[in-house]
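S.K.: Dumping the structure here so I can ask a few things about it.
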(Lines of atoms letter the chains of each structure in order from A; the text may use other names.)
(Lines give C-alpha, C1' and ligand atoms only; values in the text may rest on other atoms or scores of the structure.)
Protein backbone atom coordinates (compact mmCIF):
# COMPACT_ATOMS: atom_id res chain seq x y z
CA UNK A 1 0.00 0.00 0.00
CA UNK A 2 2.71 2.52 0.58
CA UNK A 3 3.97 1.82 -2.87
CA UNK A 4 0.54 2.63 -4.32
CA UNK A 5 0.46 5.83 -2.40
CA UNK A 6 3.76 6.81 -3.68
CA UNK A 7 2.67 6.20 -7.21
CA UNK A 8 -0.49 8.14 -6.67
CA UNK A 9 1.36 11.01 -5.16
CA UNK A 10 3.70 11.15 -8.11
CA UNK A 11 0.82 11.04 -10.50
CA UNK A 12 -1.00 13.76 -8.68
CA UNK A 13 2.03 16.06 -8.25
CA UNK A 14 1.30 19.62 -9.28
CA UNK A 15 3.70 19.59 -12.26
CA UNK A 16 2.68 21.14 -15.51
CA UNK A 17 2.88 19.42 -18.86
CA UNK A 18 6.07 21.16 -19.76
CA UNK A 19 7.69 20.10 -16.49
CA UNK A 20 6.59 16.51 -16.72
CA UNK A 21 8.01 15.87 -20.25
CA UNK A 22 11.68 16.06 -19.22
CA UNK A 23 10.97 13.60 -16.52
CA UNK A 24 9.44 11.27 -18.99
CA UNK A 25 12.29 11.90 -21.47
CA UNK A 26 14.92 11.27 -18.86
CA UNK A 27 13.20 8.13 -17.80
CA UNK A 28 13.05 6.94 -21.37
CA UNK A 29 16.73 7.70 -21.90
CA UNK A 30 17.65 5.86 -18.74
CA UNK A 31 15.64 2.91 -19.80
CA UNK A 32 17.21 3.00 -23.24
CA UNK A 33 20.67 3.06 -21.70
CA UNK A 34 19.77 0.10 -19.62
CA UNK A 35 18.65 -1.79 -22.71
CA UNK A 36 21.58 -0.70 -24.94
CA UNK A 37 24.93 -0.17 -23.01
CA UNK A 38 26.75 0.92 -26.21
CA UNK A 39 24.62 4.01 -26.58
CA UNK A 40 26.34 5.62 -23.62
CA UNK A 41 29.74 5.09 -25.27
CA UNK A 42 28.54 6.52 -28.59
CA UNK A 43 27.05 9.60 -26.98
CA UNK A 44 30.11 10.44 -24.95
CA UNK A 45 32.38 9.96 -27.97
CA UNK A 46 30.41 12.44 -30.02
CA UNK A 47 30.06 15.42 -27.70
CA UNK A 48 33.07 14.74 -25.44
CA UNK A 49 31.35 16.37 -22.52
CA UNK A 50 31.39 13.36 -20.32
CA UNK A 51 34.49 13.22 -18.12
CA UNK A 52 34.18 9.44 -17.63
CA UNK A 53 34.86 8.46 -21.27
CA UNK A 54 36.78 5.23 -21.70
CA UNK A 55 39.00 6.00 -24.72
CA UNK A 56 40.81 9.05 -26.12
CA UNK A 57 40.86 9.71 -29.82
CA UNK A 58 44.55 10.22 -30.67
CA UNK A 59 44.36 9.73 -34.45
CA UNK A 60 44.69 13.43 -35.25
CA UNK A 61 46.76 14.50 -32.27
CA UNK A 62 50.48 15.17 -32.18
CA UNK A 63 52.62 13.62 -29.42
CA UNK A 64 53.83 15.99 -26.83
CA UNK A 65 57.48 15.23 -27.57
CA UNK A 66 57.02 15.99 -31.27
CA UNK A 67 55.01 19.10 -30.53
CA UNK A 68 57.77 20.36 -28.29
CA UNK A 69 60.43 19.64 -30.92
CA UNK A 70 58.44 21.51 -33.60
CA UNK A 71 57.93 24.44 -31.30
CA UNK A 72 61.65 24.55 -30.63
CA UNK A 73 62.39 24.55 -34.34
CA UNK A 74 59.81 27.16 -35.15
CA UNK A 75 60.73 29.48 -32.31
CA UNK A 76 63.08 32.35 -33.21
CA UNK A 77 64.88 32.13 -29.90
CA UNK A 78 65.16 28.33 -29.91
CA UNK A 79 68.32 26.51 -28.85
CA UNK A 80 67.90 23.47 -31.15
CA UNK A 81 71.37 24.02 -32.61
CA UNK A 82 73.97 24.71 -29.92
CA UNK A 83 76.60 25.81 -32.49
CA UNK A 84 74.30 28.42 -34.03
CA UNK A 85 75.01 30.97 -31.35
CA UNK A 86 78.72 30.23 -31.65
CA UNK A 87 78.72 30.78 -35.42
CA UNK A 88 76.78 34.00 -35.06
CA UNK A 89 79.36 35.34 -32.61
CA UNK A 90 81.58 37.97 -34.32
CA UNK A 91 84.61 36.87 -32.32
CA UNK A 92 84.22 33.30 -33.56
CA UNK A 93 84.01 34.46 -37.18
CA UNK A 94 87.11 36.58 -36.69
CA UNK A 95 88.98 33.61 -35.19
CA UNK A 96 87.97 31.37 -38.10
CA UNK A 97 89.10 33.94 -40.66
CA UNK A 98 92.41 34.40 -38.89
CA UNK A 99 92.94 30.63 -38.76
CA UNK A 100 92.24 30.28 -42.49
CA UNK A 101 94.70 33.05 -43.38
CA UNK A 102 97.33 31.53 -41.11
CA UNK A 103 96.89 28.12 -42.74
CA UNK A 104 97.22 29.59 -46.24
CA UNK A 105 100.38 31.47 -45.27
CA UNK A 106 101.88 28.31 -43.80
CA UNK A 107 101.09 26.39 -46.98
CA UNK A 108 102.76 29.05 -49.15
CA UNK A 109 105.85 29.08 -46.93
CA UNK A 110 106.11 25.29 -47.04
CA UNK A 111 105.77 25.26 -50.84
CA UNK A 112 108.55 27.86 -51.19
CA UNK A 113 110.95 26.01 -48.90
CA UNK A 114 110.13 22.67 -50.48
CA UNK A 115 110.69 24.04 -53.97
CA UNK A 116 114.05 25.41 -52.87
CA UNK A 117 115.44 21.99 -51.92
CA UNK A 118 113.25 19.72 -54.06
CA UNK A 119 112.12 21.52 -57.22
CA UNK A 120 108.79 19.79 -57.73
CA UNK A 121 107.98 21.86 -60.81
CA UNK A 122 111.22 20.79 -62.49
CA UNK A 123 110.63 17.11 -61.80
CA UNK A 124 107.81 17.09 -64.33
CA UNK A 125 110.35 17.87 -67.06
CA UNK A 126 112.48 14.83 -66.18
CA UNK A 127 109.49 12.47 -66.29
CA UNK A 128 108.07 13.81 -69.58
CA UNK A 129 108.88 10.64 -71.56
CA UNK A 130 107.07 8.25 -73.85
CA UNK A 131 107.60 4.74 -75.15
CA UNK A 132 109.58 5.84 -78.20
CA UNK A 133 112.00 7.86 -76.08
CA UNK A 134 112.53 5.01 -73.61
CA UNK A 135 113.30 2.58 -76.44
CA UNK A 136 115.79 4.95 -78.08
CA UNK A 137 117.43 5.84 -74.78
CA UNK A 138 117.93 2.20 -73.80
CA UNK A 139 119.47 1.53 -77.20
CA UNK A 140 121.76 4.53 -76.75
CA UNK A 141 122.90 3.32 -73.33
CA UNK A 142 123.80 -0.13 -74.65
CA UNK A 143 125.06 0.89 -78.14
CA UNK A 144 126.41 4.46 -77.93
CA UNK A 145 129.15 3.96 -80.50
CA UNK A 146 127.22 4.92 -83.62
CA UNK A 147 125.49 7.99 -82.19
CA UNK A 148 126.77 11.27 -83.65
CA UNK A 149 124.89 14.27 -82.28
CA UNK A 150 125.07 14.50 -78.47
CA UNK A 151 123.90 18.09 -78.00
CA UNK A 152 120.68 18.82 -76.12
CA UNK A 153 118.16 20.80 -78.14
CA UNK A 154 116.85 24.08 -76.74
CA UNK A 155 113.73 26.10 -77.40
CA UNK A 156 113.82 29.72 -76.25
CA UNK A 157 116.70 29.07 -73.80
CA UNK A 158 114.81 26.10 -72.35
CA UNK A 159 115.72 22.48 -73.05
CA UNK A 160 113.02 20.55 -74.80
CA UNK A 161 111.25 17.70 -73.04
CA UNK A 162 113.01 14.33 -73.07
CA UNK A 163 110.34 12.76 -75.26
CA UNK A 164 111.39 15.14 -78.05
CA UNK A 165 115.16 14.77 -77.59
CA UNK A 166 116.97 11.50 -76.88
CA UNK A 167 120.00 13.40 -75.52
CA UNK A 168 118.02 15.07 -72.73
CA UNK A 169 118.45 13.56 -69.25
CA UNK A 170 115.46 11.97 -67.57
CA UNK A 171 114.62 10.36 -64.26
CA UNK A 172 112.20 7.74 -65.50
CA UNK A 173 114.83 5.25 -66.69
CA UNK A 174 117.05 5.66 -63.56
CA UNK A 175 114.06 5.21 -61.25
CA UNK A 176 112.69 2.17 -63.04
CA UNK A 177 116.22 0.82 -63.42
CA UNK A 178 116.84 1.06 -59.68
CA UNK A 179 113.57 -0.73 -58.85
CA UNK A 180 114.20 -3.43 -61.47
CA UNK A 181 117.74 -3.93 -60.19
CA UNK A 182 116.42 -4.59 -56.66
CA UNK A 183 113.90 -7.12 -58.01
CA UNK A 184 116.55 -8.88 -60.12
CA UNK A 185 118.88 -8.97 -57.12
CA UNK A 186 116.14 -10.63 -55.06
CA UNK A 187 115.63 -13.17 -57.85
CA UNK A 188 119.35 -13.92 -57.96
CA UNK A 189 119.48 -14.38 -54.20
CA UNK A 190 116.44 -16.64 -54.34
CA UNK A 191 118.03 -18.96 -56.91
CA UNK A 192 120.98 -19.37 -54.54
CA UNK A 193 118.76 -20.02 -51.49
CA UNK A 194 120.05 -16.85 -49.85
CA UNK A 195 116.93 -14.71 -50.09
CA UNK A 196 115.58 -12.93 -47.04
CA UNK A 197 113.70 -9.64 -46.63
CA UNK A 198 116.51 -8.26 -44.49
CA UNK A 199 119.14 -9.06 -47.11
CA UNK A 200 117.01 -7.50 -49.85
CA UNK A 201 116.62 -4.36 -47.74
CA UNK A 202 120.38 -4.20 -47.24
CA UNK A 203 120.84 -4.54 -51.00
CA UNK A 204 118.44 -1.67 -51.73
CA UNK A 205 119.80 0.64 -49.02
CA UNK A 206 123.41 0.06 -50.01
CA UNK A 207 122.71 0.80 -53.67
CA UNK A 208 120.87 3.99 -52.72
CA UNK A 209 123.61 5.14 -50.34
CA UNK A 210 126.31 4.57 -52.95
CA UNK A 211 124.28 6.59 -55.46
CA UNK A 212 123.92 9.53 -53.06
CA UNK A 213 127.60 9.42 -52.16
CA UNK A 214 128.54 9.45 -55.84
CA UNK A 215 126.40 12.52 -56.54
CA UNK A 216 127.76 14.34 -53.48
CA UNK A 217 131.33 13.55 -54.52
CA UNK A 218 130.73 14.97 -58.00
CA UNK A 219 129.17 18.13 -56.54
CA UNK A 220 132.14 18.59 -54.22
CA UNK A 221 134.56 18.11 -57.10
CA UNK A 222 132.75 20.67 -59.22
CA UNK A 223 132.91 23.12 -56.34
CA UNK A 224 136.63 22.59 -55.79
CA UNK A 225 137.48 22.87 -59.47
CA UNK A 226 135.17 25.92 -59.80
CA UNK A 227 133.51 24.69 -62.96
CA UNK A 228 130.80 26.94 -64.33
CA UNK A 229 128.23 24.52 -65.70
CA UNK A 230 124.50 24.26 -66.12
CA UNK A 231 124.46 20.77 -64.62
CA UNK A 232 122.03 20.48 -61.73
CA UNK A 233 121.83 17.95 -58.95
CA UNK A 234 118.95 16.23 -60.74
CA UNK A 235 121.04 15.97 -63.91
CA UNK A 236 123.85 14.28 -62.01
CA UNK A 237 121.34 11.96 -60.36
CA UNK A 238 119.97 11.02 -63.77
CA UNK A 239 123.39 10.39 -65.32
CA UNK A 240 124.49 8.33 -62.32
CA UNK A 241 121.31 6.26 -62.47
CA UNK A 242 121.81 5.15 -66.07
CA UNK A 243 124.32 2.51 -64.97
CA UNK A 244 121.50 0.37 -63.54
CA UNK A 245 120.55 -0.59 -67.10
CA UNK A 246 123.94 -2.27 -67.66
CA UNK A 247 123.81 -3.87 -64.22
CA UNK A 248 120.44 -5.45 -65.00
CA UNK A 249 121.71 -6.77 -68.33
CA UNK A 250 124.76 -8.30 -66.65
CA UNK A 251 122.84 -9.99 -63.81
CA UNK A 252 120.12 -11.37 -66.10
CA UNK A 253 122.74 -12.74 -68.49
CA UNK A 254 124.52 -14.42 -65.59
CA UNK A 255 121.30 -15.99 -64.32
CA UNK A 256 120.41 -17.35 -67.77
CA UNK A 257 123.76 -18.41 -69.19
CA UNK A 258 126.14 -18.59 -66.26
CA UNK A 259 129.10 -16.64 -64.96
CA UNK A 260 130.98 -16.21 -68.30
CA UNK A 261 127.93 -14.54 -69.82
CA UNK A 262 127.77 -12.21 -66.82
CA UNK A 263 131.35 -11.04 -67.29
CA UNK A 264 131.02 -10.58 -71.06
CA UNK A 265 127.75 -8.67 -70.89
CA UNK A 266 128.91 -6.54 -67.96
CA UNK A 267 132.15 -5.70 -69.78
CA UNK A 268 130.18 -4.56 -72.81
CA UNK A 269 127.82 -2.44 -70.72
CA UNK A 270 130.72 -0.92 -68.74
CA UNK A 271 132.42 0.19 -71.96
CA UNK A 272 129.12 1.54 -73.27
CA UNK A 273 128.37 3.60 -70.16
CA UNK A 274 131.92 4.94 -70.14
CA UNK A 275 131.57 6.20 -73.74
CA UNK A 276 128.11 7.57 -72.98
CA UNK A 277 129.30 9.57 -69.96
CA UNK A 278 132.38 10.94 -71.74
CA UNK A 279 130.42 12.20 -74.73
CA UNK A 280 127.62 13.61 -72.62
CA UNK A 281 129.59 15.31 -69.84
CA UNK A 282 132.24 16.89 -72.04
CA UNK A 283 129.57 19.20 -73.45
CA UNK A 284 128.67 20.24 -69.90
CA UNK A 285 132.05 20.39 -68.14
CA UNK A 286 134.65 21.21 -70.76
CA UNK A 287 134.98 24.51 -72.57
CA UNK A 288 133.39 24.97 -75.98
CA UNK A 289 136.62 24.46 -77.92
CA UNK A 290 137.49 21.31 -75.96
CA UNK A 291 133.99 19.98 -76.42
CA UNK A 292 134.37 20.39 -80.16
CA UNK A 293 137.47 18.19 -80.08
CA UNK A 294 140.24 20.80 -80.35
CA UNK A 295 143.21 20.61 -78.02
CA UNK A 296 143.15 23.30 -75.34
CA UNK A 297 146.07 24.24 -73.14
CA UNK A 298 145.58 25.32 -69.57
CA UNK A 299 145.50 23.85 -66.10
CA UNK A 300 141.81 24.47 -65.59
CA UNK A 301 140.80 22.67 -68.75
CA UNK A 302 143.03 19.77 -67.75
CA UNK A 303 141.25 19.54 -64.42
CA UNK A 304 137.89 19.54 -66.15
CA UNK A 305 139.04 16.76 -68.46
CA UNK A 306 140.29 14.68 -65.55
CA UNK A 307 137.05 15.27 -63.70
CA UNK A 308 135.01 14.13 -66.70
CA UNK A 309 137.05 10.97 -67.11
CA UNK A 310 136.87 10.25 -63.38
CA UNK A 311 133.08 10.47 -63.35
CA UNK A 312 132.88 8.20 -66.40
CA UNK A 313 135.38 5.69 -64.97
CA UNK A 314 133.51 5.47 -61.67
CA UNK A 315 130.45 3.99 -63.38
CA UNK A 316 132.01 0.59 -64.29
CA UNK A 317 133.49 0.30 -60.79
CA UNK A 318 130.07 0.74 -59.16
CA UNK A 319 128.48 -1.62 -61.68
CA UNK A 320 130.85 -4.43 -60.79
CA UNK A 321 130.81 -3.70 -57.06
CA UNK A 322 127.03 -3.88 -56.80
CA UNK A 323 126.57 -7.04 -58.90
CA UNK A 324 129.57 -9.31 -58.36
CA UNK A 325 128.11 -10.95 -55.23
CA UNK A 326 124.86 -11.81 -57.02
CA UNK A 327 126.40 -14.31 -59.45
CA UNK A 328 128.10 -17.45 -58.12
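From the backbone N, Cα and C atoms, a Cβ is placed for every residue, glycine too.
What TrEMBL says about a protein is an automatic prediction, not a curated fact.
Sharing the record's features from TrEMBL:
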- 12-22: compositional bias 'Polar residues' (COMPBIAS)
- 23-32: compositional bias 'Low complexity' (COMPBIAS)
- 41-75: compositional bias 'Polar residues' (COMPBIAS)
- 1-84: region 'Disordered' (REGION)
- 171-190: transmembrane segment (TRANSMEM)
- 202-224: transmembrane segment (TRANSMEM)
- 236-256: transmembrane segment (TRANSMEM)
- 262-282: transmembrane segment (TRANSMEM)
- 303-322: transmembrane segment (TRANSMEM)
S.K.: Using Cβ atoms and a strict cutoff of less than 8 Å, what residues sit near the transmembrane segment (202-224) while being 6 or more residues removed from its termini?
M.R.: 178, 181-182, 185-186, 189, 231, 233, 236-237, 240-241, 285, 307, 310-311, 314, 318, 321-322
S.K.: Six or more residues out from either end of the transmembrane segment (303-322), which same-chain residues have a Cβ under 8 Å from its Cβ atoms?
M.R.: 181, 206-207, 210, 214, 218, 221-222, 225, 227, 239-240, 243, 246-247, 250, 266, 269-271, 273-274, 277-278, 281-282, 285-287, 290
S.K.: At a C-beta cut-off of under 8 Å, are there same-chain residues at least 6 beyond the transmembrane segment (236-256) that contact it? List them, or none.
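M.R.: Sequence-distant neighbours of the transmembrane segment (236-256): 126, 138, 141-142, 169-171, 173-175, 177-178, 180-181, 184-185, 187-188, 191, 211, 214-215, 218-219, 262, 264-266, 269-270, 272-273, 276-277, 280-281, 311, 315, 318-319, 322-323, 326-327.
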